[in-house]
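This report concerns only the one structure given below.
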């Protein structure tokens, strides 16, 4: 199977935006792309329905076929760590179900983009005083990681800590995507520092869009993705998709 697990250095680094752009760009190149977000917290209500808004955005933007509730089997309204949100709602995050859903999806698509819920060290569930962490799920379904980061103050520390955590727990971190790039004077210095310390390829720099997510202008997004996920970037990214 061919898939990549997208995680972030922190909350609000734009994983969903990157996943949407990556799925769209690969579809534009003619690839059959699937999307999977096993767990989502902070879901929004639309009437009586709880909507996995990240999944809905990616599926609609990239024109991916699939039921959003199948693509995101565990959805919680509370904007909290999954193990807390699940406990509050008395729901068990069934890891076997996640694995089975991923296996089923992988039969239908050439490549699958998996979006994590936060970073590597996020607890997904707690059972008998034992935590099951996101990095454990990654190792069990697709040890093939792309890290999304930014260039904001503090990102060098966050990125290096994430990379060292990945190494310590045997994760295969194959590339870094820098989001919210503004082409300001010190940004490339930050990116070069990260590249030198980690020796991990910088797969792409994705331009900052000021209006996201309040203004969903598809043409604006597509212009950014055409530029940032050009043929050279796509070739580097395609080398990651191998579980």
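Glycine too: its Cβ is placed from the backbone N, Cα and C atoms.
It should be emphasised that the depicted structure is a prediction, and the values quoted were computed from it without experimental measurement.
Taken from Swiss-Prot, the feature ATP binding site covers 12, 13, 14, 15, 16, 17, 54, 115, 116, 117, 118, 179, 180, and the record attributes it to sequence analysis. According to DSSP, residue 116 (ATP binding site) sits in a coil region rather than a helix or strand.
Sequence annotations record features per position, and here Swiss-Prot assigns Mg(2+) binding site to 16, 54, 115 based on sequence analysis. Cβ contacts within 10 Å of residue 115 (Mg(2+) binding site), excluding its own Cβ and spanning all protein chains shown: 28.
If you look up Swiss-Prot, you'll see 37 marked as active site. Secondary structure at residue 37 (active site), taken from DSSP and collapsed to helix, strand or coil, is coil. A sphere of 10 angstroms centred on the C-beta of residue 37 (active site) encloses 24 other C-beta atoms.
The annotation substrate binding site is assigned in Swiss-Prot to 41 on the grounds of sequence analysis. All protein chains considered, the CB of residue 41 (substrate binding site) has 21 other CB atoms within 10 Å.
Each residue contributes its Cα atom, and for residue 54 (ATP binding site) and residue 41 (substrate binding site) those atoms are 10 Å apart. The shortest Cα-Cα distance from residue 14 (ATP binding site) to any of the recorded positions (37, 41, 115) is found for 115. For the pair residue 41 (substrate binding site) and residue 180 (ATP binding site), the C-alpha distance works out to 23 angstrom.
Counting every protein chain shown, 21 other Cβ atoms lie within 10 Å of the Cβ of residue 14 (ATP binding site).
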